[in-house]
């Protein structure tokens with residue numbers, strides 16, 4: 001769902017042809033995207049595709065080996081990690097979790113806990129929280145310092161379907177109330193947060209980008225998941241003009257094979273996200289029950 005109102009907003013961070021190399025190997029390269037105030041950008045891709053590395057470049061944790069990263073002066077970042085190491089043998093309340101990296105006024109803690117719907121769990125032990133409650137606690141911790149940019153690494157990991165919908169709705173409300181930019185990382189290649197403005201698919205580089213399509217409004221879907229799910233989730237259709245082979249090489253739509261896949265190797269992205277897909281989707285390009293288009297399987 002494209003929010004055109006964000007187009008003219010202040011850019012918080014931008015990456016231009018950015019990449020990170022470690023021990024002679026590129027973790028990711030040729031990354032280009034920006035996040036503006038009030039905008040939601042979602043990075044998707046398989047494990048090891050460079051999603052977290054790209055996010056770390058954006059917030060300054062990882063230094064680019066090539067390209068450029070620009071950030072708004074004085075940018076405040078709130079970060080929800082994919083994993084948080086906690087010694088579960090030590091007592092740790094939700095309120096104490098909020099101040100692990102520095103003191104916070106009680107009113108700010110209470111406001112953040114209220115905003116994430118867990119004020120009643122302020123004194124609960126973290127180890128006793130459900131997956132969804134723990135993610136809400138991490139979100140509360142991230143927004144308590146009023147960030148300009150909120151970076152969420154797999155925020156719905158370990159949460160069931162109804163919890164995923166509730167968390168995406170919460171993230172939308174946080175964006176709307178705080179007008180912060182959101183950079184969201186997701187392991188799901190095909191279903192994304194419906195409020196996402198831009199989806200960027202990575203696999204060591206930018207494979208494709210576009211906007212999510214609304215989730216199916218079929219009676220079967222509505223009967224199974226209800227209208228709330230349709231508002232929270234959306235399907236993203238990949239438009240790749242190449243295939244990643246098991247040995248790491250890249251096969252292009254014309255049949256040629258190269259050792260790498262850079263922007264000049266044949267990527268082209270139209271405004272609507274269509275970019276000369278090399279996949280065979282069948283006559284109508286329908287989606288299979290697993291969310292992939294008919295005939296599409298990622299290598």
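We count from 1, first residue shown onward.
Quick reminder: no glycine exception, Cβ is built from N, Cα and C everywhere.
Residues or ranges marked as domain 'ABC transporter' by Swiss-Prot on the basis of sequence analysis: 13-228.
For residue 48 (ATP binding site), applying a Cβ distance below 8 Å and a minimum sequence separation of six or more within one chain yields no residues. Residues annotated as ATP binding site in Swiss-Prot, with sequence analysis given as evidence: 45, 46, 47, 48, 49, 50, 51, 52.
DSSP assigns residue 49 (ATP binding site) to coil in the three-state reduction, placing it in neither a helix nor a strand. Listed in sequence order, the residues 28, 53, 202, 203 complete the 8 Å Cβ shell around the ATP site centroid, once 45, 46, 47, 48, 49, 50, 51, 52 themselves are left out. Residues near residue 49 (ATP binding site) in space but far in sequence (CB under 8 A, at least 6 apart, same chain), listed by position: 28, 202, 203, 204.
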